[in-house]
Amino acid sequence: MEWRRRDYRVERPLLNQEQLEELGRWGPAPRARPWRASLQCSRARARALLLQRLPVAAWLPRYPLCEWLLGDLLSGLSVAIMQLPQGLAYALLAGLPPVFGLYSSFYPVFVYFLFGTSRHISVGTFAVMSVMVGSVTEALAPDENFLQNGNSTVNATEARDAERVALASSLSVLVGLFQVGLGLVHFGFVVTYLSEPLVRGYTTAAAVQVFVSQLKYVFGLKLSSFSGPLSLVYTLLEVGWKLPQSKVGSVVTAAVAGMVLVAVKLLNDKLKRCLPLPLPGELLTLIGATAISYGVGLEARFGVDVVGSIPTGRPRRLVPPVAPRPELFASLVGNAFAIAVVGFAIAISLGKIFALRHGYRVDSNQELVALGLSNLVGGIFQCFPVSCSMSRSLVQESAGGNTQVAGAVSSLFILIIILKLGELFKDLPKAVLAAIVIVNLKGMLLQARDVCALWRANRVDLLIWLVTFAATLLLNLDVGLAVAVGFSLLLVVVRTQRPRYSVLGQLPDTDVYRDVAEYAEAREVPGVKVFRSSATVYFANADLYSDALKQRCGVDVDHLISRKKKLLRKQELRLRRLQKEKPQQQAASTGTSIPIDVHTPDGAIKSQDADGPQAPQVSPEPGPAGAAGGQDDAQAWGSGSLQGLGLAPPAFHSLVLDLGALSFADTVCIKSLKNVFRDFRDVEVQVYLAGCQAPVVAQLEAGGFFDASISKQHLFASVHDAVLFALQHPRSGPASPVLVTKL
């Protein structure tokens, strides 16, 4: 086998012709090269696809153990300490037994470790996602459906929990399918329709709903399950009605736990420069409350609701995979899509913030796939939908986390809790979990201060924030999100319908043109009007564009065209009358009778004088007066100009439309521009287009914009070029037809 240099870079062994013949292969040796090249290309593509879809295979082999491992271990432990109480609390928020919050803190986190591209977000249970899941489970499996003789029994509670777990897991599978499907077809851009004011208003309203949903645990009340519009109002009314039935033990427990949590958070803020890691206030509160509840007997003596049994002890206690129930998909599809979009919006927004801060890139489509697989696999193991938590993500970053190894460490710690330590928390009061949830809502509730900032910055964004907040509170989370997105898109249309129109003037000694209303030094070019719109022209604002153009030009074009047409019609009637009267005047001047045509009975036509029969026809010879009158009339009619008709022409002879903001041209836009050309040409003004992009020109050409009267010579690369051409051709455009009227 001989060695040959291939493409001047590497040396590879190639079979010569004799060896090919010995092996019985067809064709000469060079034919083997394209096949080998395609094989190498396919291998490279397969490897690139694998690394794209499984990012852990790209960064884990290059993981610097000595530099990053300690930080990831400490960060993962810190996140797990927060994940434990939040998982238990957010499971109650979703209407599920607390242990399923631990499951949702394990399976999805480990799956995201394999497929995610963000290094710092903490995937797991999140308050907004949990309350959205809770609205679904309580609506489709309310407590009233499982009451026996108006009372709740142990068997009824177990049946209710089993039904809600089936609903939540099926919902998680459906959410995962939506996210994976959208990610594979590169629909990661769908989150761009959720603006920042919309997301912040939505999460603030969701935080209020979360707060209201925890009041039953704080006061120890048994409330009815409400769903649909105004469910928040009904819940508040019922809380106020049953407030005298509150359990003092639950209120005191929640208040003490809340004060401890707030105190620890304030202490962490003051000592964050001195402490290597923040104090685990939630874990300390969890352990202390459990110990006090077990020692004092809060459930037996004061009627405080506790978490109850958490199955542990053997590996088989991990729930086996369970297939979702497809019959539930029809009732869950709308909520699943809303949860999928909201969860991805929260995750990608946080991921991009951390990526920008630490100098790496987050693939939005792969993030969508990673979240989808996390929810899909989690749903098979009876988890509810998850996203990422802002508080845990900040802790993961501040504690020294560098990669998703921190997430894997936290999930393994949660696994130990599930298998060995979960039973220790059976006496944990639910009021403490409610206090943990409420205290963690501080950041989202403080987003209400956006109202003052948006009032000063942008009141349109403030309107989006307020509408989103109100719709989410009053119409529930799913319908509120749909209303918010629809209103936001409607505002975009309204704002493009009312763009800023301006007349441009030239800055002295430059080729720059600016709005004469904003720049005092900008001067309009004599005889040339330059008009610009700040938005693209399309079907929703084409008429408004034409109206604004005619208004800003200072000429009532429609009125001028109407007067011109009336005068032309009057002139035409007058000319016809003169032509009828001219033979009579010529006959009177020569003394001859005017012949008329008479129809005979046999159908023939005979010429007869008006005064007698068979008058001889004499061809009148035009006299000097008649000839002069005919010539004057022909000149008056043939001119057809505004000055010839006694109308004042516009003060400018050329109009330049700056279409630099035009991003596309639909059929309505094309028709509107053609009408502009026609109307201004009727008032003796030439129209030119400037700044059109190549795709827009192609669309104009495909839409039949160019014809005999409008050629591409009316297009210019810049406004200045169009102005220079207009000054050189003040009254006749390029290849413009001359107005000639014929009788």
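Keep in mind that glycine also has a Cβ here, set from the backbone N, Cα and C atoms.
Under the heading domain 'STAS', TrEMBL lists 518-726.
For 578-634, the entry in TrEMBL reads region 'Disordered'.
Long-range contacts of the transmembrane segment (90-114) within the same chain, counting only residues at least 6 positions beyond its ends with a Cβ under 8 Å from a Cβ of the stretch, are 54, 56, 83-84, 122-127, 130-131, 133-134, 137-138, 141, 161, 164-165, 168, 210, 213-214, 217, 307-308, 310-311, 319, 370-371, 373-375, 377-378, 381-384, 386, 404-405, 407-408, 410-411, 414-415, 417-418, 422, 425, 430, 433-434, 437. Sequence annotations record features per position, and here TrEMBL assigns transmembrane segment to 90-114 (among others).
If one looks beyond the transmembrane segment (121-141) by at least 6 residues along the same chain, the residues whose Cβ comes under 8 Å of a Cβ in the stretch are 79, 83, 86-87, 90-91, 93-96, 101, 104-105, 108-109, 112, 160, 163-164, 167-168, 171, 203, 206-207, 209-210, 213, 225-228, 231, 331-332, 335, 338-339, 342-343, 346-347, 350-351, 354, 371, 374, 384-389, 392-393, 395-396, 406-407, 410, 437, 440-441, 444, 476-478. Per TrEMBL, transmembrane segment is recorded for 121-141 (among others).
Through the fold, the transmembrane segment (171-194) approaches residues 133, 136, 324, 328-329, 332-333, 335-337, 339-341, 343-345, 348-349, 363-369, 371-380, 383-386, 485, 488-489 of its own chain, all at least 6 residues removed from its boundaries and within a Cβ separation under 8 Å. Residues or ranges marked as transmembrane segment by TrEMBL: 171-194 (among others).
Sequence annotations record features per position, and here TrEMBL assigns transmembrane segment to 248-267 (among others). Same-chain residues lying 6+ beyond the ends of the transmembrane segment (248-267) with a Cβ under 8 Å from its Cβ atoms: 217-220, 279, 281-282, 284-285, 288-289, 298, 301-305, 429-432, 434-436, 438-439.
Residues or ranges marked as transmembrane segment by TrEMBL: 279-297 (among others). Long-range neighbours of the transmembrane segment (279-297) within the same chain, counting only residues 6 or more positions beyond its ends whose Cβ lies under 8 Å from a Cβ of the stretch, are 78, 81-82, 84-86, 253, 257, 260-261, 263-265, 267-268, 304, 306, 424-425, 427-429, 432, 435-436.
Within its own chain, the transmembrane segment (328-356) has Cβ neighbours under 8 Å at 117-121, 123, 126, 128-129, 132-133, 135-136, 140, 166-167, 170-171, 174-175, 178-179, 182, 188, 190-191, 194, 196, 199, 202-203, 362, 364, 367-368, 371-372, 375, 385-388, 390, 393, 397, 477-478, 481-482, counting only residues six or more beyond its boundaries. What TrEMBL records for 328-356 (among others) is transmembrane segment.
Note on the transmembrane segment (368-387): residues 53, 91, 94, 96, 100, 103-104, 107-109, 111-112, 115-117, 123-126, 128-130, 132-133, 165, 168-184, 187-188, 319, 321-324, 339-340, 342-344, 346-348 of its chain, located 6 or more positions outside it, place their CB under 8 angstroms from a CB of the stretch. The transmembrane segment annotation in TrEMBL covers 368-387 (among others).
Residues or ranges marked as transmembrane segment by TrEMBL: 399-419 (among others). Long-range contacts of the transmembrane segment (399-419) within the same chain: residues 56, 59, 63, 67-80, 83-84, 87, 99, 102-103, 105-107, 109-110, 112-113, 116, 118-120, 122-123, 277-278, 312-315, 317-318, each at least 6 residues beyond the stretch ends and with a Cβ under 8 Å from a Cβ of the stretch.
If you look up TrEMBL, you'll see 431-448 (among others) marked as transmembrane segment.
Positions annotated as transmembrane segment by TrEMBL: 463-494 (among others).
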Close approaches to the transmembrane segment (463-494) from elsewhere in its chain (Cβ under 8 angstroms; 6 or more beyond its ends): 131-132, 135, 193-195, 197-198, 200-202, 204-206, 208-209, 227-233, 334-335, 338, 341-342, 450-451, 454, 540
Model confidence over the domain 'STAS' (518-726), averaged pLDDT: 79
For the transmembrane segment (431-448), sequence-distant contacts whose Cβ falls under 8 Å of one of its Cβ atoms, 6 or more beyond its ends: 85-86, 88-90, 92-93, 98, 127-128, 200-201, 203-204, 206-208, 210-211, 214, 217-218, 220, 250-251, 253-255, 257-258, 261-262, 265, 282, 285-286, 289, 304-305, 307, 390-391
